[in-house]
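The structure appears right after this line, and notes come after that.
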Amino acid sequence: MPQLSLSWLGLGPVAASPWLLLLLVGGSWLLARVLAWTYTFYDNCRRLQCFPQPPKQNWFWGHQGLVTPTEEGMKTLTQLVTTYPQGFKLWLGPTFPLLILCHPDIIRPITSASAAVAPKDMIFYGFLKPWLGDGLLLSGGDKWSRHRRMLTPAFHFNILKPYMKIFNKSVNIMHDKWQRLASEGSARLDMFEHISLMTLDSLQKCVFSFESNCQEKPSEYIAAILELSAFVEKRNQQILLHTDFLYYLTPDGQRFRRACHLVHDFTDAVIQERRCTLPTQGIDDFLKNKAKSKTLDFIDVLLLSKDEDGKELSDEDIRAEADTFMFEGHDTTASGLSWVLYHLAKHPEYQEQCRQEVQELLKDREPIEIEWDDLAQLPFLTMCIKESLRLHPPVPVISRCCTQDFVLPDGRVIPKGIVCLINIIGIHYNPTVWPDPEVYDPFRFDQENIKERSPLAFIPFSAGPRNCIGQAFAMAEMKVVLALTLLHFRILPTHTEPRRKPELILRAEGGLWLRVEPLGANSQ
């Protein structure tokens, strides 16, 4: 048997057993990995010294707890952006640096990079994976590029135009409920609650052509979506439950899994029903029947989509994209609409100007509906929406992981492997970009003022190749909802100021409560 000399350890020759050799090889590999990680870590520390950082909270925990998902945390962030307008560095523990980017010039190299070069960092998005799968939100690389190309036609204005009737119908249902509640003396409403149900109602019709009546009666599917969103945000705050094994042992984890199954089963059933319809009718007859109803829903578009090689999306891919659209489409739009109504309640002069603009547009029209061509005829309402999206962007932050070194315009380098947070709120509150950033001023978005700013100064829908594919859908829905709401109601503030709560979506602690006052027929 071969002899192995371990005299350097003070031992004599010993038999070189396979297990000892395996132990030595494994130990050498582990040592090499530790040394490589240590070298990379210290090299990155050296290269990141050019990025300023606030004082650490603790030598071990670093800056954890400095910017909390609360109103106080938002104020701290605003102060940090004022102090470090070009961006800054935070440490999450002793070994995890995070770059916070909050200036248009600094984010340009990251936002313009491809999905393969600057993918989303899954630390912040991974909890959505069991629900949303490999949809546009979570996929990367070639799969993301292929899906993006195939989904783009789904958001062409010819597809979006017929959705206008759906938006009008859904908001009218919400308004009927508001009228009833106001007549019963319940004029103080949580905007998030009511608008979330309304956007989900619209989305089920636009995505699945399904009438759930969820604004008027409970819906198991809608309840599951709302529950999934809440569980993801709750888990994000519980570090000990970030491990899947531990999370799925908890009651929340088991409820999350059940809700996932319910949502997936609903989507799968719709897909299978359409798959059965297509072969019997043929594509031409299928499209003719759809033309009669004047609406091609999202599932239809996905089923008919083909890539450059003629390949279709799999059922699993279609489910992932439909579930992603339901998630992204309801929460973000509900957040955006709720905060616009809040600002218009706080600024009655702007609210009245918007109302007059809508009244002028719709005078002598019967029935009172917002049509596609009307959207371009509401310039001041659009300015008010954009200024609210600046102050309260529905998605406060997006993360990117650098798979290569990024050279910034000022010469600094972001090393490969570093996670960057493109802080949308930070950019929108940056005093070097926006004078008096905390003031609500719709005239910032007057055409003359827009010319003087970087296009990356205002990015509520992100920017670059991975920007929000559904932003035209979202803006159209927001304009319809706001125009009809201001036509029928006066929106008034309550005595308590909402406290911002930045999670995956920017919410308000305990809801965003406003008072609604029905307007008489003469006022309309």
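The backbone N, Cα and C atoms fix where each Cβ goes, glycine too.
Fair warning: this is a prediction, and the values are worked out from it, not measured in the lab.
Look at C468 (heme binding site): DSSP puts it in coil. Here the Cβ of C468 (heme binding site) has 21 other Cβ atoms within 10 Å, regardless of which shown protein chain they belong to. Here Swiss-Prot flags E328, C468 as heme binding site, drawing on similarity to another entry.
C45 (4-hydroxynonenal-conjugated cysteine) falls within a helical segment according to DSSP. Taken from Swiss-Prot, the feature 4-hydroxynonenal-conjugated cysteine covers C45 (among others), and the record attributes it to experimental evidence.
Feature annotation from Swiss-Prot assigns 4-hydroxynonenal-conjugated cysteine to C260 (among others); the stated evidence is experimental evidence. Annotation note: C260 (4-hydroxynonenal-conjugated cysteine) sits in a helical segment as assigned by DSSP.
In this view, H261 (4-hydroxynonenal-conjugated histidine) is surrounded by 12 other Cβ atoms within 10 Å of its Cβ, with every protein chain counted. The 4-hydroxynonenal-conjugated histidine feature in Swiss-Prot is assigned to H261 (among others); the stated evidence is experimental evidence.
The annotation 4-hydroxynonenal-conjugated histidine is assigned in Swiss-Prot to H347 (among others). Using a 10 Å Cβ-Cβ cutoff, H347 (4-hydroxynonenal-conjugated histidine) registers 18 neighbours.
Non-local neighbourhood of C354 (4-hydroxynonenal-conjugated cysteine): L344, F380, L381, C384, L482, L486, each in the same chain, at least six residues away, with C-beta under 8 Å from its C-beta. Residues or ranges marked as 4-hydroxynonenal-conjugated cysteine by Swiss-Prot: C354 (among others).
The Cβ neighbour count for K451 (4-hydroxynonenal-conjugated lysine), using a 10 Å radius over every protein chain in view, is 7. For K451, the entry in Swiss-Prot reads 4-hydroxynonenal-conjugated lysine, with the evidence type experimental evidence.
Here Swiss-Prot flags 15-37 as transmembrane segment.
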Task: Candidate nearest C45 (4-hydroxynonenal-conjugated cysteine) in space, where candidates are the recorded positions C260, E328, H347, C468 and distance is Cα-Cα - done: C468
Open item on the list: Say we define neighbours as other CB atoms within 10 Å of the CB. Which of the recorded positions C45, C260, E328 has the fewest?
Closed with: C45
TODO: With E328 (heme binding site) as the reference Cα, tell me which of the modified residues C260, H261, K451 is the closest one.
DONE: C260
Open item on the list: I'd like to confirm something. Which of the recorded positions, H347, K451, C468, has a Cα closest to the Cα of C260 (4-hydroxynonenal-conjugated cysteine)?
Closed with: C468
Task: Candidate modified residues H261, H347, K451, pick with smallest Cα gap to C468 (heme binding site) - done: K451
